[in-house]
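Working notes for the structure below.
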Amino acid sequence: MQLLQSSVIAATVGAALVAAVPVELKARDSCTFTSAADAKSGKTSCSTITLSNIEVPAGETLDLTGLNDGTTVIFSGETTFGYKEWEGPLISVSGTNIKVQQASGAKIDGDGSRWWDGKGGNGGKTKPKFFYAHKLDSSSITGLQIYNTPVQGFSIQSDNLNITDVTIDNSAGTAEGHNTDAFDVGSSTYINIDGATVYNQDDCLAINSGSHITFTNGYCDGGHGLSIGSVGGRSDNTVEDVTISNSKVVNSQNGVRIKTVYDATGTVSNVKFEDITLSGITKYGLIVEQDYENGSPTGTPTNGIKVSDITFDKVTGTVESDATDIYILCGSGSCTDWTWSGVSITGGKTSSKCENVSTGASC
């Protein structure tokens with residue numbers, strides 16, 4: 001009898017010990033955070049994160065890096081940021097198979113007027129970059145309504161990222177906003193930006209390096225247009241397999257542009273501009289220039305960066321009377337194998353300074 005009791009006790013104790021062994025806990029289905037600190041500390045504890053009316057403290061990032069695979073992030077209410085001169089970013093998101101979206105009526109407001117001084121990133125106040133989508137892979141950003149970024153909007157360094165129906169409205173910065181690029185893409189693959197609406201004071205799109213990138217159904221107002229580059233002078237100086245299509249560029253300095261860095265090396269290849277409509281362009285309707293140095297054109301092109309297999313198809317519209325319809329300044333032998341079809345840009349001046357234009361193109 002005593003032996004039986006001992007066996008029962010031993011079995012009971014053993015079961016209790018097994019039950020006490022810690023096991024991996026599954027993330028809760030959903031969490032709602034009302035502060036940046038809580039979001040940072042609790043971001044891996046739930047599969048759906050709702051960010052409700054968060055006021056991000058000055059000099060801090062709304063840190064959503066390292067999310068669990070498959071996490072959904074929902075911006076709800078109004079997301080705002082305290083004022084401080086610093087580099088940023090104000091928001092950073094990373095992870096795999098992440099969905100970033102917003103609730104109905106939500107907005108993300110950078111209140112950039114506190115930093116805007118007409119100098120952008122070239123001096124004056126130090127201004128924070130807005131949204132880092134770095135290592136945000138096999139993921140999506142959908143429907144965000146963003147207002148008043150201090151300088152650049154999205155910095156994209158990711159693979160397989162879809163950005164759909166995002167609005168970036170910096171129209172309040174017409175006087176003092178500067179360098180408010182909407183989408184800067186570098187060292188990325190398979191990026192798809194569809195249905196973007198942009199009001200800003202710099203490039204609507206700037207692809208500095210990467211491959212398999214598409215921008216379609218976009219509306220770009222007030223900035224510097226749709227750009228490849230500037231390419232060159234970085235660790236990654238290759239842009240290839242890019243399609244920019246079915247988009248409008250209005251009230252902007254440039255329409256479509258390829259710019260490469262003076263005396264640098266690299267490659268721009270298989271780039272297509274298709275079905276682009278221009279109006280109210282104040283500087284250049286279509287421009288390719290291989291003379292950029294320290295952020296400005298020199299007028300002297302170099303040929304270290306090859307610009308080949310480029311398609312301009314149905315790029316049409318008007319520029320202002322003191323603007324230039326088309327300007328192509330290539331290095332010797334570096335612009336080759338271009339396809340030029342249905343290009344009709346009118347209203348401005350014809351350039352007399354084009355050089356080394358690819359066969360088939362017209363300047």
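Using the three backbone atoms N, Cα and C, a Cβ is placed for every residue, glycine included.
When the residues Asn162, Asn294 are compared with Swiss-Prot, the one annotated as N-linked glycosylation site is Asn162. With a threshold of 8 Å between CB atoms, the same-chain residues lying at least 6 positions outside the repeat 'PbH1 2' (188-209) that come near it are 120, 149, 152-153, 156-171, 173-174, 177-182, 215-231, 234, 236-239, 242, 244, 249, 252. Residues of the same chain lying 6 or more positions beyond the ends of the repeat 'PbH1 4' (239-260) and with a Cβ under 8 Å from any Cβ of it are 204-205, 207-232, 266-290, 292, 305, 307, 310, 312, 315, 317, 319, 345. In this structure, the C-alpha atom of Cys335 (disulfide bond) lies 54 angstrom from that of Cys31 (disulfide bond).
Within 10 Å of Cys330 (disulfide bond), judged by CA to CA distance, lie the following disulfide-bonded residues from the set Cys31, Cys46, Cys204, Cys220, Cys354, Cys363: Cys354.
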